Structure formats: C-alpha cells, structure tokens
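Heads up: the structure comes next, in structure tokens.
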Amino acid sequence: MEGKVIGIHGPVLDLQFTDYTPFERELIKVRDILVECRALLGEGKVRTVALGPTEGIRRGDKATALGKPMTIKVGEQLIGRVLSGIGAPLDQKEEPEGEERSVFNVPPQVTAVLPVSTVLETGIKALDLLAPFPRGGKIGLFGGAGVGKTVLVMELIHNVAIKHRGYSVFAGVGERTREGQELWEEMRESGVMDHLVMIFGQMNEPPGVRAITPYAAATVAEYLRSQYGGEILLFMDNIFRYAQAGMEVSTLLGRMPSAMGYQPTLFSEVAQIEERINSLAEGAITSVQAVYVPADDITDPAPATIFGHLDSSVVLSRALTEVGIYPAVDPLQSSSKMLDPEVVGYNHVQVAGRVKEFLQRYEELKDIIALLGMEELSPEDREVVLRARKIQMFLSQPFFVAEAFSGAPGKYVPLERTVEGFKAIIDGKLDHVPESALYMIGDISEAGVDV
C-alpha cells in the first residue's frame, strides 16, 4: 500500500502506486500530512487533494495509503472542544478520544424522515414574525459582505442554544480566524461551550479542508442526535464557502467548469450535506446556515442551489443597514414554509401578511414621496406610509452579542408578544407614538403603550 509522489501542483499531488490502487476518498499519508484520493488516473496513478500545507514535499517522497476514508472521533469527550475540519485539536488540549466514524455517512431513507411541523422560537422579532424557524429543519441567512450574517448567527446561538440547553455543533467554514476566536470567547463566557462542539476549516486552510469541514460537523451532529436524542442545533458559517472550496477542488482536478465557474457537481455536493440534516424518530437536527451572496446577487448558482434545500430563508438587505435597521432582515424577500395557519395559527399568518402589505405599498409609494412629498398622497396612503415606517422601526432590535459595541442591552421577545406588537401597529393603536420610540426596542410596551 505504498507509492510515491510523481507530481505536485499546489494543494494537488499526483501519486503512483504499483501493487495497490486507492479508492475514491481514501486517505493517504505523505510525510506528515494527509491527502485525499479524488481521481483515479489509471495504471496505478491517482490525483489527490492535500488536507494540509504541501510546502517542502518533493517528487519521489513516499506515500502510504491508509485504507480508510476521512474519519472523525466522536464521543462525550468532544463536548466543549474546538477542532479543525479533520478532527485535530485547536484548543491546545490533547487529541480527542472516542469512536472513529467516517464523515461520509449516507442520508437517512425517505421513510425514516419525519415531517417538520413545529416552530423554534428565536426571540428575534423579524425572524419569528416573517420567517419562523422549523424545529428539525434547515434555515438559510442570505446576505452579501458586511450585512450582519455572522452577528445574527452569534445571536441565534446565544438565544436558542442558551434557552434550548441541548447540544449544538458550530461549523466555521472558510471564514475569518478572528471571527472564530470572538465566537469561542463569547460562547465560553456565556456558558454555552459546555453544550457545544466547534469545528473550524478557516479561510487560510487548503480547499480540501474547507470542503470536508461541513461533513465532519454533520457527522458529530448525527452522533449527538443518536446518542442523546432530542434536538441538536447545527450552525454553519458559511455554507457558501463549502461550495467555493468545491469549486477550487474541481478546478484543481481539471474538471470542466459549469455556469459562473462553479463545479459541474455543485447540486449533488450541496445535497450530500443538506440531505443529512433531518428529523428522525430518535431526534432532530435543526440547521442554521449563513450563506454569502456574491455581489448581492441572489441568483448566483451557489446561493440559488442552497436555497432549494431550505425550509426558511432570511434575506439580509444592504439598504436596511444603510439606514441603521439591525438586524437588516428584508421582510419582503424573506420567507418560511412554517408561515402556515395549521402551524403558527391564523392570527400570526394574518398579521405577517398585513405587515408585508403595508411595507410593499410603502415601497411602491417611495418614488412619489421623493418627487412630490407626503402632502400629495391620499389620506389612506399617508396612513399606510406612517404605519409602514413604524413597522420598519419596530423590526429593529438590540442584540445581546452586540452590547459591547452598541451600548444597548440585548432583548429577547417571546413570539406571542411579537405578534401582538405588530398587530397593534397595523391596527393604528400606535398612530400617536413617534417613529423614534419604536427604534431599537424589544417588547412593544417599551414604546410606552400597553397592548
């Protein structure tokens, strides 16, 4: 099971074996790094992708096939640990112990998957009202650079993981090391690390590591689900970087690119991860995924492919960040399959629908207001605009994880109070209250109104 290096192309190594042919995805050791077999070239030649730095490797170096795919050790010892995408410790502690599991598990059978029928309360008004999260489903947070995806993920971890007190897994895929450090500190200080496993494949890692990190995180989440049952939370920041790493690997392997330079297997690669996130009889995995949108183009092939797998989609708007509305959730583009009378109740659906109607009409009137002013509007339209602006202000909310920067204490708003607050605005009960009184507050009672 030994061969040698016959070619080096950055993170791609070509190997030659004489009496053995490695299988697809088999791990091979070259010096002190692992490489993964990704293409069989014939006559004992294979093309591999490195899972570590290739500096210093020479042609002729020995390669040893390990006879197994990428595995990660799972067990109770993982709780509270910070690991790399290949399972190595990043928290200056010893190597984790436990049962080795392949990261390439098969998704559950169709008949084993349970339907998603209950809502997960987040305490964030814009999300709970307009894009309620499903328990045991998949949620995507879409947005370009700098619109607040990571902050929103951190707030969700704070609100949901602390309140939920079950086990959670965080996968940092292709993001900044600084953000990973900040998140680790935040989770440690809040006590969430006692119920959390963190797995990082950061942006400085080779594409092979970034591409394999979501598989490792999904494997740990599946283990926790089977071992402890209940609900497991799986956070991914950023799932787009997984698709991007796959594009890099595909290009390095010499495959013909498809639209926008993406790998031809983009759809199936995304499905391999997404289809493993499900509700089963033994427990459920609820996944929250940040999705970077290149150049704010939601029709880009990667976000568009990910979108098709989601139960709830939250779109973050740059226009809202420019006017200081945080979280910058676009109420007209965000949606959820949970917004159904049989799931959340008729009152919730009606209030959410009317909120969207007010905001949509306000968008249509903006050009007229800019040209002619509010005075030229009919009394009915003027009323719509005033209430829509108050709705927009009330959609803002101070976050716990941003307290150090904003100076405002974070607020958690129960779902029932969220619906009551927006209903009061659209019914005109706050017509006498100035817009500013609704900006960056939690419960509607903070505006001085009892509803």
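Each residue, glycine too, has its Cβ placed from N, Cα and C.
What you are looking at is a predicted structure, and each value in this text was computed from that prediction instead of being measured.
Per Swiss-Prot, the feature ATP binding site maps to Gly143, Gly144, Ala145, Gly146, Val147, Gly148, Lys149, Thr150; the stated evidence is sequence analysis. Classification of Lys149 (ATP binding site) by DSSP places it within a helix.
Looking only at other Cβ atoms within 10 Å, the busiest spot among the binding-site residues Ala145, Val147 turns out to be Val147.
Each of the binding-site residues Gly143, Gly144, Gly146, Gly148 was assessed for Cβ neighbours inside 10 Å, and the highest tally belongs to Gly143. Residues Tyr292, Leu316 surround the recorded ATP site, their Cβ atoms falling within 8 Å of the Cβ centroid of Gly143, Gly144, Ala145, Gly146, Val147, Gly148, Lys149, Thr150, which are themselves excluded. For Thr150 (ATP binding site), applying a Cβ distance below 8 Å and a minimum sequence separation of six or more within one chain yields Glu175, Glu179, Leu183, Asp237, Ala290. Other Cβ atoms within 10 Å of the Cβ of Lys149 (ATP binding site) number 27 in total over all chains.
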